Each structure stands twice: as C-alpha cells, then as structure tokens.
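Q: Quick one: the structure is below, and I'll ask about it shortly.
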Amino acid sequence: MSHDSEPQPVTATPGGPLNGSLKPPGDKSISHRAMILGLLAIGETQVEGLLEGDDVLRTAAAAKALGAQITREGEGRWRIVGVGIGGMQDPDGVLDFGNAGTGSRLMMGVVGGQPVTATFDGDASLRKRPMRRILDPILKMGAEIVSEAEGGRVPLTLRGPREAIPIRYELPVASAQIKSAVLLAGLNAPGTTTVIEKAASRDHTERMLHLFGAEVTVTPSGEGGHGRTVTLTGQPTLRGTDVVVPADPSSAAFPLVAALIVPGSEVILRGVMMNPLRTGLITTLIEMGADIERLDEREEGGETVADLRVRASRLKGVDVPAERAPSMIDEYPILAVAASFAEGTTRMNGLHELRVKESDRLAAVAAGLAANGVTHAIEGDDLIVTGNGQAPAGGGTVATHLDHRIAMAFLVLGLAAKSPVTVDDGAMIATSFPSFRPTMLALGARIEDGAAA
C-alpha cells in the first residue's frame, strides 16, 4: 500500500452502546521479530496469528529478499525457512519498508552485523524519521554506511562486516528499537554483546531470542533496579520454532477506550498480551477508574495473555509518571482521548519520544484535541488534558500526518463526542490494524468513508 496516494477521509459518528467480543490483531512487535528471527534461524519457523498489516508485510518482503523462503499458508499462518546467521544474501533491489519504523530499524541491526549490503528506503513519513541513534552503535560493531540521506535518514545503504564486533553499549534513551538492533547485530559477533538501559523497555527481542535458542541474560541494574543489563552470547545456532503471536495491546487500546467512553458499552477483548512492559495504558486507565477485568490469564508464545472485559466507566484525571512512558509509548494518543472524557486534569509527563514517531505525535494529538474543543496544554514534553466528565464537543477534522494511531484515536473520540469527528486520511490504519473498521462496526460503531456532512 502506498502512503503517497489520495487521502481517504473517514468520519466517526456518536451512536448507541458498543457490545460484543473480539480478538484484536496480532502484536506488531512480535510479528516483526518472528519474521526476522525466522530469517536468521536454521530450519522452519511456523507463525500463527501474524499481524498482516502493511508494516509487517514489508518486513516479510525484506526477509525474503535477504534469502528466507516465506509462504503464507492461511490467515495469520506463515511458514519461514531461514538461512542461519551469516547465511544471508545481498538483496537484488531496495528494501522498501513503507511506513515501518520498527521493521526498518531492526533490519538495520541484522544487516549491520552480517556480511551483506542492502539499501533501506520508505515512504515520505519514514524518510523524515531519524535513524542516527540506531546507526551509531551498529557502526561501532563494524558496519559501514555506503550512502545516506541528510541526517542519517533513509534512503540509506548499509554494509555489514564478515563478523560483527561485540560491544558494551549504554542506551542514550529507553528504546526497544535501539536495544534490539544492537542485539540482532551481536548475533554475528564472537563473544558477548551487552546493552545497558536506564529504564526497562519492551523485552520482546530478548524473550524471542531465548525462544529461538540464543543465550540471553537479563539482570536488573541502575538506580532502584529500574534499569536492565542485557547480555547476549554471540554466534549461537538459532533453530526454527513455532511462534503464536498474542493480540497486540497497542491495537486493543482503541476498542478498549471506545468501550469505556461510549455510555452503556460492554466489550470483551480476547487473548491480549499482558507483558508488564506493554500494559502502562491499562494500569493508567484503572487508576482513572476504568472497569477493566482480566479473565483467564494464560501463556502463549512466551508471553502472558488474558481476556479483558471492559465496561463503560466514569473516569477521573490522573498524573501519569514519565517512567511509565516506555510501557505505553504508542498509547498516548488514545489516552489523551480517554482523558478528554474524564473529570479533572490528566497530566502525561515526559513525552519527548512522541516527537520522533510516525508524526510529531505530541503536536498532532494537541491539534486534534484543539479541533474538537478539548481543553489542553503542552508544557515542555508534558501533555495536559482537562475534562469535565462530559463528552467533548467534537465536530472537528483531524490532520493525521500519515499516522495510523492518530487516525484511530480520533475516530474513537468521534464515537462518543457530541458531534461527529473526521480524520483527513484513514488509509494508513492498515499499517497496524487492517480490520479496524469492520471490527468496530461489528461492535455497533458508526464509522463511514468521507467527511462529516
């Protein structure tokens, strides 16, 4: 799917309660990593529940171009035959990642640690996103940049070494993408690669490396044990395995918040990943008074999952600490929507990382709130939203800036605001939640093509 085509406006209109049960799409983070580790493993990897959104399909295409055999065997069911560490081939063409920041950055770690040369590119949004933080440690490990756009952006050609150099690297910010890129490059390094993070970020790469047979240790470190030291023993033999992809908590966030703010709603979300490094939004919403019940907690694909029963709730404003940001970095747009229905002020602290997402997400959220009559302010890197416990006015048109999460968040606002809300382009929702529209319609939502009449 091209993100350079004509915009497709979409409008959400307030209506009756939302009711029903759904399984949100497979987790995007785990889907990317399943493709990448399947490429690097020896033998066959079977994936169930893969997210078949544009981002993950771009990563699958890149893995295929680097030598993996990849077959789709049914909905969400994929078979990958890998080439092993050191067995990749130079791709014939450019690796076009579209809008996929995660896929492109993780694959830079893979290419930067192996004896291949590849050119990375993407859409207009990806071309604006900074890659230097990913590249800095990879260059220390022996990779070379053959060519790059200004400021270390794509299009960018990267050449990896015969063997990577093992390093000890302290992350400048809590970032699962940087950590993962270093660990993936370290797979082809003799000896030990160590990553130190001041605050724990998503740990899917560590969990999945372990699942595929790598030796990874994680120990608490830093002030109060909030940080992590991750150590990888290089040049393991990764073995193909079965991966069951749990439902993505970042995608579940949209129907979840919709059920909280549309009066009379009750929705069950099935099989949602409950990894504590991904559930900051649920923790915050419960603090705000949300009626969210965990049912049938169980293990799937190395992760804890649960069914969530969500009922419409009266919410109150809360203070969200900055250290919670890594566990909910993608959920602030939808949290801002929930906060606009709450009684009182919600302050979201330390959101600097939102400025380098698919859009300047902080500015995009603020503009969307302004367009729909929500009282808010930005103070430094903090977002402050004040509600009166009633539905906000709505009636606005929101500029999405090619950002799928901005589009979905403000469509959810439109389901419970006083007047319909239009997003200027809904095409990129397919990036992470291709079935968003039919899923929401099945619950009783009113979401239609075109601008509000």
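Note that Cβ sites are derived from N, Cα and C of the backbone, with glycine treated the same way.
Checked Swiss-Prot, it gives:
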- 1-27: region 'Disordered' (REGION)
- Lys28, Gly101, Arg129, Gln177, Arg361, Arg405: phosphoenolpyruvate binding site (BINDING)
- Lys28, Ser29, Arg33, Ser175, Gln177, Asp330, Lys357: 3-phosphoshikimate binding site (BINDING)
- Asp330: active site, proton acceptor (ACT_SITE)
Q: Please report the distance from the Cα of Gly101 (phosphoenolpyruvate binding site) to the Cα of Ser175 (3-phosphoshikimate binding site), rounded to the nearest angstrom.
A: 13
Q: Among the binding-site residues listed here, Ser29, Ser175, Gln177, which has the most company in the form of other Cβ atoms within 10 Å of its Cβ?
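A: Compared across Ser29, Ser175, Gln177, the most Cβ atoms within 10 Å surround Ser29.
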Q: Please work out the number of neighbouring Cβ atoms within 10 Å of the Cβ of Arg129 (phosphoenolpyruvate binding site), leaving out its own Cβ.
A: 17
Q: What subset of the binding-site residues Ser29, Arg33, Ser175, Asp330 lies within 10 angstroms of Arg405 (phosphoenolpyruvate binding site) at the C-alpha level?
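A: So the list is Asp330.
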Q: Within 10 Å of Arg129 (phosphoenolpyruvate binding site), Cα to Cα, which of the binding-site residues Ser29, Arg33, Ser175, Asp330 are there?
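A: So the list reads none.
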Q: Whole-number Å only: compute the distance from the Cα of Ser175 (3-phosphoshikimate binding site) to the Cα of Lys28 (phosphoenolpyruvate binding site).
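A: That comes out at 16 Å between the alpha carbons.
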Q: What is the biggest Cα to Cα gap, in Å, among Lys28, Gly101, Arg129, Gln177, Arg361, Arg405, the residues listed as binding phosphoenolpyruvate?
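A: So the maximum pairwise Cα distance among the phosphoenolpyruvate binders is 19 Å.
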Q: From the Cα of Ser29 (3-phosphoshikimate binding site) across to the Cα of Gln177 (phosphoenolpyruvate binding site), what is the distance in angstrom?
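A: Ser29 (3-phosphoshikimate binding site) has its Cα 10 Å from the Cα of Gln177 (phosphoenolpyruvate binding site).
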Q: Distance between Arg33 (3-phosphoshikimate binding site) and Arg361 (phosphoenolpyruvate binding site) at the Cα atoms, whole Å?
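A: Cα of Arg33 (3-phosphoshikimate binding site) to Cα of Arg361 (phosphoenolpyruvate binding site) measures 24 Å after rounding.
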Q: Through the lens of DSSP with three states only, how would you label Lys28 (phosphoenolpyruvate binding site)?
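A: DSSP assigns Lys28 (phosphoenolpyruvate binding site) to helix.
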Q: Within its own chain, what residues at least 6 apart in sequence put their Cβ under 8 Å from the Cβ of Lys28 (phosphoenolpyruvate binding site), listed in sequence order?
A: Leu51, Gly53, Asp55, Val56, Thr102, Asp248, Ser250, Ser251, Ser432
Q: Can you tell me how many other Cβ atoms are located within 10 Å of the Cβ belonging to Gly101 (phosphoenolpyruvate binding site)?
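A: The answer is 21 other Cβ atoms.
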Q: Can you check which residues sit near Arg361 (phosphoenolpyruvate binding site), meaning Cβ under 8 Å from its Cβ, same chain, 6 or more apart in sequence, and list them in order?
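A: Within the chain, Arg361 (phosphoenolpyruvate binding site) has Cβ neighbours under 8 Å at Tyr332, Pro333, Leu354, Arg355, Asp403, Arg405, Ile406.
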Q: Including all protein chains displayed, how many Cβ atoms other than that of Arg33 (3-phosphoshikimate binding site) lie within 10 Å of its Cβ?
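A: The answer is 26.
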Q: Around the C-beta of Asp330 (3-phosphoshikimate binding site), how many further C-beta atoms are within 10 angstroms, looking at every protein chain?
A: 23
Q: What count of other C-beta atoms do you get within 10 angstroms of the C-beta of Arg405 (phosphoenolpyruvate binding site), across all chains shown?
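A: So the Cβ neighbour count for Arg405 (phosphoenolpyruvate binding site) comes to 28.
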